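Here it is: the structure, laid out below.
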Amino acid sequence: MGSHGYELIKNCNEEEKVHSFYARNKDIEMAMDISDQKNSTLSNNMNRRLVSLDVFRGLTVALMILVDDAGGIIPEINHSPWNGLTLADYVMPFFLFIVGVSLALTYKKLPCRVFASRKAIFRALKLFALGLFLQGGFFHGVNDLTYGVDIKRIRLMGILQRIAVAYLLTALCEIWLKCDDTVHSGSSLLWKYRYQGFVALFLTCIYLCLLYGLYVPDWEYQILIDYFSAPKIYSVKCGVRANTGPACNAVGMIDREILGIQHLYRRAVYTRTHECSINSPDYGPLPPNAPPWCQAPFDPEGLLSSMMAIVTCFVGLHYGHILVHFKDHRARILYWMIPTFCLVVFGLALDLFGMHINKALYTFSYMCVTAGAAGILFVGIYFMVDVCRYCRVTIIMEWIGRHALMIYILAACNILPIILQGFYSGKPRNNILKLIGIGK
């Protein structure tokens, strides 16, 4: 490692010990002040949790559960089959926006950048591994009480994996790429975090260049009907550039080449399009003369589309910076509404001129509109909860927001159904769900 690296880690250890010592003393002093009824107003203002962020997170989790459970009954609120925007399409950007805001609050004071980076990397790896376990296909037979996944066919990307990647890159930028300039206006705020803005701009340019510049050749895939017969091979004709349709886009091509088509999500969202389903926008049998790509795997949380997901995280980070550097409610709301308005208008204009809003590709227009919508909702919740203090009506959402990961795992990753269906009498069909009247 070298003497310089050793000294850096040693200094970080010393700084961490000193920081922990003063933090403990500060906690003791604050507890004594509260017990003596001195300076209680000041300590409450300094340590008051941002309730609106918890409420926003809880509302997003509740929205996710709603569209997951009701999307099959009401296809109109389920994810858009391709181009367009539905209620379900807001969930992922809202989560990423919240991650960005949280990172600005988490790393506003850094005792040591090396240890903060190590902690961020460790957290991201844990989240990625959890996503790989929960969404890689391990719990594929919930109703049959079976489990396990072929490593050759495990899904590599997913919701938690995308959040982990976005979290890691945004956290490292927040730790290392901010200057020491003093913030006194909106322009000085942008200048202080200019390098982070350059990273977001760079990711956007790379995404657009690859999406509209890469040549997509013809490709094929296999469908294994059973283990006793040969797989059926489908050929997809492309040979195009700058195509954003379901079959010949650069997003899918990059995932097929790098991740491997066997590691992609097998129930592609475009199977609900008119070309692929007679029940569109719901799932259904293939129509006559359906195109060959209808049954091909496609991952909505793939590699190229995750670049724009990271940019959404950077947008949330900017909103968090405003929260950190401006203490007046009016100033915060003003500096929040300016980028919110610009993002929504710009995204709708892009869609009008041909860059369609598309969640599966995570197009630039989709990023702008959904990030702007997240800003609108966040400002509204902030005004209601943290400014006007209407907290009683949002207490349930606040609780959900504080336990978001646990509820997500139980409700959206089949853990709760596994638990409920895992206890049965005599036969697996006689489980708890059937006893309470909702089992098959």
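Glycine too: its Cβ is placed from the backbone N, Cα and C atoms.
TrEMBL lists these features:
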- 49-173: domain 'Heparan-alpha-glucosaminide N-acetyltransferase catalytic' (DOMAIN)
- 50-67: transmembrane segment (TRANSMEM)
- 87-108: transmembrane segment (TRANSMEM)
- 120-139: transmembrane segment (TRANSMEM)
- 159-177: transmembrane segment (TRANSMEM)
- 198-215: transmembrane segment (TRANSMEM)
- 307-326: transmembrane segment (TRANSMEM)
- 333-357: transmembrane segment (TRANSMEM)
- 363-385: transmembrane segment (TRANSMEM)
- 405-424: transmembrane segment (TRANSMEM)
With DSSP as the reference, give the number of residues of the domain 'Heparan-alpha-glucosaminide N-acetyltransferase catalytic' (49-173) in helix, strand and coil.
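Helix, strand, coil within the domain 'Heparan-alpha-glucosaminide N-acetyltransferase catalytic' (49-173): 84 helix, 3 strand, 38 coil.
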Apart from its near flanks, which chain residues at least 6 from the ends of the transmembrane segment (363-385) lie with a Cβ under 8 angstroms of it?
51-53, 55-56, 59, 85, 89-90, 93-94, 97-98, 101, 204, 207-208, 211, 244, 308-309, 311-312, 315-316, 319, 329, 332-333, 336-337, 339-344, 346-348, 350-351, 355-357, 391, 394
Sequence-remote contacts (6 or more beyond its ends) of the transmembrane segment (87-108), Cβ cut-off under 8 Å?
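Same-chain residues near the transmembrane segment (87-108) but 6 or more away: 50, 53, 56-57, 60, 63-64, 66-67, 71, 77-80, 116, 159, 162-163, 166-167, 170-171, 174-175, 309-310, 312-321, 323-324, 359, 366-367, 370-371, 373-375, 377-378.
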Would the transmembrane segment (307-326) count as touching the transmembrane segment (159-177), i.e. at least 3 C-beta pairs under 8 angstroms with sequence separation of 6+?
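In this chain the transmembrane segment (159-177) contacts the transmembrane segment (307-326) - 3 or more Cβ pairs sit under 8 Å.
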